[in-house]
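Novice: Quick paste of what Swiss-Prot says about this protein:
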- Asp13: active site, proton acceptor (ACT_SITE)
- His41: active site, proton donor (ACT_SITE)
- Gly12, Asp13, Glu14, Gly15, Lys16, Gly17, Lys18, Gly40, His41, Thr42, Arg302, Ser408, Val409, Gly410: GTP binding site (BINDING)
- Asp13, Glu14, Gly15, Lys16, Asn38, Ala39, Gly40, His41, Thr129, Arg143, Gln221, Thr236, Arg300: IMP binding site (BINDING)
- Asp13, Gly40: Mg(2+) binding site (BINDING)
- Ser296, Val297, Thr298, Gly299, Arg300, Lys301, Arg302: substrate binding site (BINDING)
Amino acid sequence: MKVDVLLGLQWGDEGKGKVVDVLTPKYDVVARFQGGPNAGHTLEFEGQKYVLRSIPSGIFQGDKVNIIGNGVVLDPALFKAEAEALEASGHPLKERLHISKKAHLILPTHRILDAAYEAAKGDAKVGTTGKGIGPTYTDKVSRNGVRVGDILHNFEQKYGAAKARHEQILKSLNYEYDLTELEKAWMEGIEYLKQFHFVDSEHEVNNYLKDGKSVLCEGAQGTMLDIDFGSYPFVTSSNTVCAGACTGLGVAPNRIGEVFGIFKAYCTRVGAGPFPTELFDETGDKMCTLGHEFGSVTGRKRRCGWIDLVALKYSVMINGVTKLIMMKSDVLDTFDTIKACVAYKVDGEEIDYFPYDITEGVEPVYAELPGWKTDMTKMQSEDEFPEEFNAYLTFLEEQLGVEIKIVSVGPDRAQTIERYTEE
């Protein structure tokens, strides 16, 4: 068996949570391979809305095993709140959720450091979510991190050493803070975590594959936020691309099967950073309103713009995408004209590839297509798609070189239409 990978192709918020929920019936295991509680997956299940930050989206399927992999960073306090809310709503998870011993813990002082570093940058700040993600990955790479497995071995000594080191840094930054409440909630989270299965997830995932079980790897955020290939330095601190599934779960590259790439029919970005197709007019405001574009974790208003095919082609290439999934098609239902960025103009020269740096001086070059002016939310199959919408799909497939296998026409899992079903 091979593992399939599901990931975002833009700047995050593409709708991965819903798609994982739609795909999970086909899989035995769902595993998160990177990121932390800085990104939320929003799902609507049986009329109720859920936001998952650290827990895999397969948790709503009663017979699935869910794994938090070694590439994830975990905040015990936020995990406890998320898990308790799920259990209170009728979704037990203690027997179905396994946590890698090698996953790194977000400490209370990591969150304080996050705020202190951002404050020190002034106008040059990246716009982090303040959840301590960057400082946690920094400790991981510098070999100073505290891992889930450490909860069972010399925990107090390892936590105390990390805390003391962080306090020295905060002192040098002259940053005032109060750790009392954060640390109290965090320690309660540590005790709660002990109720779950701590596993060597690399062995577990590979044993499932050896036994013929199907595994879906779930990414967080999006390709354009990848630490190496995203719009640096306005990126996250982990590898959000397909290769991250290998390092974040312990899966060999030759075990990767299908790669599902998710994108919106338009573009959004939350926080600071370059965004070539961003709209600052009423069209952008309309997208934001119709798409309910507010961050699921931070509540921040998302910046909106037309689809960027230069960046999207780059993402398809980097990830080796085999199937595309287009989300939020219905948000564009009322637009007379749909625009798509097909090239950039940089220093007066038109280019059709993603350059080293897009932080400034990038002007989008657009193709225009007629809008479909049809309510897509009630549609049940691709046979009902209007001609203009089919033309948009064909245009995108020709530009990207990959079939759009699934189209989402609303937030509910039922509002999901599969294409090319005759194959």
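Each Cβ is built from the backbone N, Cα and C atoms, and glycine gets one as well.
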Novice: List every residue in the same chain as Val409 (GTP binding site), at least 6 positions away in sequence, whose Cβ is under 8 Å from its Cβ.
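Specialist: Ser329, Asp330, Met376, Thr377, Met379, Gln415, Thr416, Ile417 - these are the non-local Cβ neighbours of Val409 (GTP binding site), listed in sequence order.
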Novice: Fill in the CA-CA distance, Gly15 (IMP binding site) to Gly299 (substrate binding site), as an integer in Å.
Specialist: 16
Novice: Including all protein chains shown, what's the count of other C-beta atoms within 10 A of the C-beta of Gly12 (GTP binding site)?
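Specialist: Around the Cβ of Gly12 (GTP binding site), 27 other Cβ atoms lie within 10 Å.
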Novice: Given the binding-site residues Gln221, Lys301, Arg302, tell me which ones have a C-alpha lying within 10 Å of the C-alpha of the residue listed as 'active site, proton acceptor'.
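Specialist: Cα within 10 Å of the residue listed as 'active site, proton acceptor': Gln221, Arg302.
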Novice: What's the CA to CA span in angstrom from Gly299 (substrate binding site) over to Lys18 (GTP binding site)?
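Specialist: Cα-Cα distance, Gly299 (substrate binding site) to Lys18 (GTP binding site): 19 Å.
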Novice: Which one is it: of the binding-site residues Gly12, Glu14, Lys18, whose Cα lies the shortest distance from the Cα of Arg300 (IMP binding site)?
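Specialist: So, of the listed binding-site residues, the one sitting closest to Arg300 (IMP binding site) is Gly12.
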Novice: Starting from each candidate's C-beta and looking 10 angstroms out, tell me which of the binding-site residues Asn38, Thr129, Gln221 has the most other C-beta atoms.
Specialist: Asn38
Novice: I need the nearest neighbour of Gln221 (IMP binding site) among the binding-site residues Gly12, Glu14, Lys16, Lys301, Arg302, using C-alpha distances.
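Specialist: That would be Gly12, nearest by Cα distance.
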